[in-house]
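Asker: Before I ask anything, here is the structure I am working with.
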Amino acid sequence: MRKVKVAILGSGNIGTDLMIKLGRSPILELTSMIGIDPDSDGLRRAKAAGYYVFDGGLQPFLESGAELADIVFDATSAKAHILHAKALREAGKFAIDLTPAAVGPYVVPSVNLGAHLNETNINLITCGGQATIPIVHAIGSVSPVSYAEIVATISSKSAGPGTRSNIDEFTETTAQGIEAIGGAKKGKAIIILNPAEPPILMRDTVYAVVDEGADRQAIVKAIHQTVAYIQSYVPGYRLRSEPIFDENKITVFFEVEGAGNYLPTYSGNLDIMTATAVKVAEEYAKYVVGIGTSM
């Protein structure tokens, strides 16, 4: 099977971790890393690994020729992606947006990836969205969810400048994803940066309100099936306890431990984004090559 060529836009923590994960993919061939800081660790590592390096931003990469990549991962910022999206679309690239910009449709692999493989730009929502929306959707597959609230708690050390500058976009985009993809009638998202030492793992809580008399056994089964699917590409994703029921309210506690490729294991919030991005790209690559997908 031929590999599909990809490039990374953004040489920060997320882009660098993505570079390591892509190096192990049997389907994707990383060719290039694009950034704006020639002294960044990401660009230095990319150069040492033999990839093409562009330190003048997206335009020099696009001017170099179309053959370098069919897929471009954007790991910059929400504001930057709005500009990048237009240029990538005009160049005929499939863009996987790891920022909260949401230019393209929201995608959560366990819920709706198969519906968007013919798009030119898809959005991975946020780390909190990738962690929690599948749980909301699992609950909603059994009983309508009238309200869902998620709380994503991450280590302060895992929140770099990009994360901190995108806080407002994080809460807005995640809440929209809870409703649009999770299926909740009303959604709310909260992010907490915890300065504890040693740094904590990413911890998430989902609160959901369902119909009276909803089938609890079926809800628990749906949650466990969803967790197992996510673990196929994010092994550190796990429940911290069994779902808790209080009349028609459900509380689910879980955590995400990173794989430790480039980022520390406590940076599960970043790891779930890079692992999800690779999963989406591999499914898209199967689609364009014509061998079918697992979706």
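Quick reminder: no glycine exception, Cβ is built from N, Cα and C everywhere.
Feature table excerpt (Swiss-Prot):
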| type | residues | note |
| --- | --- | --- |
| BINDING | Ser11, Gly12, Asn13, Ile14, Ser158, Ala159, Gly160, Pro161, Gly162, Thr163, Arg164, Ser165, Asn166, Asn269 | NAD(+) binding site |
| ACT_SITE | Cys127 | active site, acyl-thioester intermediate |
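Show me how these features fit into the shown structure, please.
Answerer: According to its DSSP assignment, Gly162 (NAD(+) binding site) is helical.
Within 10 Å of the C-beta atom of Cys127 (active site, acyl-thioester intermediate) sit 30 other C-beta atoms, taking all shown protein chains into account.
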Asker: For the binding-site residues Gly160, Gly162, which one has the sparsest Cβ surroundings, going by other Cβ atoms within 10 Å?
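Answerer: With the binding-site residues Gly160, Gly162, fewest surrounding Cβ atoms within 10 Å: Gly160.
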Asker: Could you tell me which of these binding-site residues, Ser11, Asn13, Ser158, Asn166, has the greatest number of Cβ atoms within 10 Å of its own Cβ?
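Answerer: Of the binding-site residues Ser11, Asn13, Ser158, Asn166, the highest Cβ count within 10 Å belongs to Ser11.
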Asker: With H, G and I counted as helix, E and B as strand and the rest as coil, say where DSSP puts Cys127 (active site, acyl-thioester intermediate).
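Answerer: It is helical.
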